[in-house]
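As given in Swiss-Prot:
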- 8-127: domain 'Longin' (DOMAIN)
- 138-198: domain 'v-SNARE coiled-coil homology' (DOMAIN)
- 194: S-palmitoyl cysteine (LIPID)
- 195: S-farnesyl cysteine (LIPID)
- 195: cysteine methyl ester (MOD_RES)
């Protein structure tokens, strides 16, 4: 999972202006980096130009996804990531960056702004912080912990059963479980197995 670009743009009536951007092109060859960076800037501007105000969307280009958020006030953000990176985290990042940008940079400067004139330097740190979505996004972290717990729980159940022993056999031999509990287990087992691939 990787983020390659984070950009803030202004969608004017006739033209889209790049206000500020940050890039991580370290995974590309040295000689390709400047061309790739230019292409990302061009793609970001093109996507914002063709998006409506007040919209969020994702555009797939080969193994990359471009996530765009254009606010009603014409401020826009674009994240370019690989297709494994969670879109929800990208849109959370865009919302956070655009909100912070709009409070730190005066709205009057947006239409005429450029990367050289806009004083906002947080994009590089956001791009680096959000490289790992689990660290940056609390929901992703919780989801990863839940997945880990499920795996541990599954492994623990398998290790509790002796070699060749099945949970079905233990349930049927159990003296602790009542007939109703055994029937419930068998019904649940049948319902869960009906959808499995045989």
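From the backbone N, Cα and C atoms, a Cβ is placed for every residue, glycine too.
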The domain 'Longin' (8-127): DSSP-derived helix, strand, coil residue counts: 43 helix, 34 strand, 43 coil
Per-residue pLDDT averaged over the domain 'v-SNARE coiled-coil homology' (138-198), given as an integer: 63
